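These notes concern the structure reproduced below.
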Amino acid sequence: MKSAEKRKKIPPKNSGRKGAQGRSVRRVRQPLMRLIIYCVLVVMVTAILSMAMTPKRYDLKQGSIARETIYATKDVEDKLGYDRAVEAARKQVNEKYTKDEAATDEALQKVDSFFTAFEAARTKAENERLAVQAAYEEEHGSKLQVPAGENFPYPDEFIAELKSDDTIRLLSTEQLYTVLSASASDLTRLQTLLEVNMRGALDSGIQEDQLAKEREELRTALEQEDNRFSEDLMALGNLIINQSLRANMIYDEEGTQLAREQAAQAVEAQVWRKGDVIVSEGDVVTDVQIAALSSLGVLADQKMDLWLYAGIALLVIIMVLLMMQYLRAFETKVLTSIPKLIMTGLTLVFTLLISLLISTINPRLAPISTCALLLTLLVGPRMALVINFFASIMAAMMLSGGNGLMTITTLGILISAMLSGMAGVFILRRNIRERSGLIIAGLGAGVINALVIIALGLITTSNLKEVLIGGLWGLGSGVLSAVLCLGTLPVWETVFDVVTPTKLLELANPNHPLLRRLLLEAAGTYHHSIIVGNLAERAADAVGADMMLTRTGAFFHDIGKLSAPYFFKENQVGSVNPHDGLAPEVSASILTAHTRDGLALAQQFKLPKAIGDIILQHHGTTLTGYFYATACKAAADPALVDERDFRYSGPKPQTREAGIIMLADTVEAAVRSLEKPTQGQVEEMIRRLVREKLMDGQLDECDLTLRDLDTICEVFVRALKGIYHERVAYPKVEKKGEKPGVAPAKAEIQPPRAAPLSGQQTAPEREPAPRKEPLQTPQAEAAAEPAQEDAGGKQDEQTKGDA
């Protein structure tokens, strides 16, 4: 027992310091490689988007003749036209004036003061006239006779006295005599006419520059025939007008500026809309057009629009950072696989480039769904959905001609690309095992794309014909995506050694050269592989592993046996066992070599790396128990037998698929060794063998859980019950003169017994009835059990199918 325990602790040959150093180097290199990939992806995507969003440049100046018609590539403000419109609006605003009521009252009062002074002067003059006449009569004894047309001879002192009045002083002597000699009715009519007309003018408002005009209009009113004033009275009226009428509208500078600002603000922005003709072919380019072209950044003498490129780069960096976080949180297998990271990035870049080229025909034809369909096959549906989201945003930026993410066109591209890509992923996922699945997915993506384009078109336009044509272009986009996937898929598979469902379907074809050789040269191994494939496929489906990879990997897992097919029991039909004359070490080396030989064949026939890994890992570091026990018996000191010489070189299964194939291979070979298996025996053996693999550490490096292992056991039991069911012994046909034969009784089918997989249920008393045996390692069991078969295949259940 001590020597067995000592031997149990010996590590396999492939473990040690060298492997640890390799893993350490990988841990250092991977983050650096990922950073380089992210940076390169940012640069490449930014370059593609910049090419798409940078407009064509033109060598034009003011006064040049345009050689071609130039359209606005995006909405841009016409700054020069707007400035001119604002200036015109300012000029159109009249100056603002405020009415001065005090000036109005003062003007009317001035008129009134003239006629009040006239009345007073006339009263004094009448008194003076009477006094002068009285003195004249007293002196001459007769009345004073004044000739017609002459003024009354008032004394000069009296005239001087009258002119001492401020108002009368404004009149000339002739005008004063006109006042004194005019009839009261004429003066009243003159006063009324002046007051009425002047009040009307003042009520309308008189600006300083309008004063002369208003005075002229009042003079004209005096000269009208209906008024019939003498020339002297009209002259007097002109004097009153000139002295009384004044401007009553005061210039409001603050109000004027405010009104002009309001007028300027009311001017709408002058905008060149996307698609507007800025310059027509043959036109003489104006300063307004040059300003518009400058705003678009399309003039040859302009510097690079660094802000545009900075914005594009920033958006791409944000999207790549979000991709990184998604990978870190949900796709650790992709994150830790440098080839898959490179492939994902190149798929995105390829889709953007091909979409940019195709968009020159029609933007709606751009095959944006190519990325989603390819990644569904190359990486997985979840990754495809996420990358499709970012690809849709990038495509919207790229195909909108630099309009960013703020226009109806861009929004339409974003929605149609996103929804059609999602539809393609969902459809392809359901039809991934069919060769026609990619075409169906492309058609589905195209139909969804067309429907989205039509729906958005109905919302934004009433041109039904244009909407339907756009839908047809969208349908073509999906079909083109599928064609591109079919055409480029072999390139992706070859360059990145990726296993796709399509590739697996091709490999699983029985006419594959290796499978044909296996059928012809090692028929037993071939049939064993087919059964293992069916077992493993059902188990993979039950635990959510890759069914197609598991099935195809199982078909090829034992191709290494082609190097020496008759050294394996399943191919030794009626022939001598070649192991009979060989030392146990030699036999073990032949058996364990078939994994390495299989890998060499896989590389020779260019099988995918995932298949090669399964071939190399499907035995892990399992011990060939029978030959190890034989060597221990033959050795003088069993402790001197190196256990590592009898183990497979490994490595242990690294994936769920490889682990499932290991269990299916072990179980099928062991159950096949039972002579008359019952359901109870089959289940007991399956669960025991799976526990032994678990306890031996063979499943330590794959992601199979205890729940998965329990599910796998149940699947194996159901499957093997159908494969190795009890056959009815047919009776011998009765011949004349012979007694009829009797068919043997059918073996009793025992009810199944569930034995949960748990590392704690290893004690003998925990084993399910009817057999109670402790969990033993394969080494101990092989050493304890006697040989069970003849010399051709003497080994425990784990190696019965190999030797």
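Residue 1 is the first one shown; counting continues down the chain.
Including glycine, each Cβ sits where the backbone N, Cα and C put it.
On a predicted model such as this, the values are computed, not experimentally measured, just so you know.
The compositional bias 'Basic residues' feature in TrEMBL is assigned to 1-11.
Per TrEMBL, region 'Disordered' is recorded for 1-25 (among others).
The transmembrane segment annotation in TrEMBL covers 35-53 (among others).
Tertiary proximity for the transmembrane segment (306-329) is limited to same-chain residues at least six positions away from its ends with a CB under 8 Å from its CB atoms, namely 38, 41-42, 45-46, 49-50, 53-54, 297, 335, 341, 386-387, 390, 393-394, 397, 402. Annotated transmembrane segment per TrEMBL: 306-329 (among others), in sequence order.
According to TrEMBL, the transmembrane segment annotation covers 341-361 (among others).
Note on the transmembrane segment (367-391): residues 319, 322-323, 326, 330-331, 334, 340, 343-344, 347-348, 350-352, 354-355, 358, 417-418, 420-422, 424-426, 428-429, 432, 438, 441-442, 445, 449, 477-478, 480-482, 484-485, 488-489, 492, 496, 498, 500-502 of its chain, located 6 or more positions outside it, place their CB under 8 angstroms from a CB of the stretch. Annotation source TrEMBL lists transmembrane segment at 367-391 (among others).
Summarising the annotation, TrEMBL assigns transmembrane segment to 403-427 (among others).
For 439-459 (among others), the entry in TrEMBL reads transmembrane segment. Nonlocal intrachain contacts for the transmembrane segment (439-459), taken as residues 6+ away from its ends with a CB within less than 8 angstroms of a stretch CB, comprise 364, 369, 372-373, 376, 408, 411-412, 415-417, 419-421, 423-425, 427-428, 431, 466-468, 470-483, 485-486.
As annotated by TrEMBL, transmembrane segment applies to 471-492 (among others).
Feature annotation from TrEMBL assigns domain 'HD' to 525-670.
Summarising the annotation, TrEMBL assigns region 'Disordered' to 734-803 (among others).
According to TrEMBL, the feature compositional bias 'Basic and acidic residues' maps to 764-774 (among others).
Annotation source TrEMBL lists compositional bias 'Low complexity' at 775-790.
Residues or ranges marked as compositional bias 'Basic and acidic residues' in TrEMBL: 791-803 (among others).
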**Request:** Give the one range among 35-53, 403-427, 471-492 whose Cβ atoms make the most pairs under 8 Å with those of the transmembrane segment (341-361).
**Result:** 35-53
**Distal contacts, the transmembrane segment (35-53) - CB-CB under 8 A, six or more residues away** = 308-309, 312-313, 316-317, 320, 324, 338, 341-342, 345, 348-349, 352-353, 356, 359, 394, 397-399, 401-402
**Request:** For the transmembrane segment (471-492), could you work out the same-chain residues 6 or more beyond its ends whose Cβ comes under 8 Å from its Cβ atoms?
**Result:** 343, 347, 350, 354, 358, 362, 364-370, 373-374, 377-378, 416, 420, 424, 438-439, 441-454, 457, 498, 500, 502
**Asked** When DSSP states are grouped into helix, strand and coil, how many residues of the domain 'HD' (525-670) land in each?
**Response** 106 helix, 2 strand, 38 coil
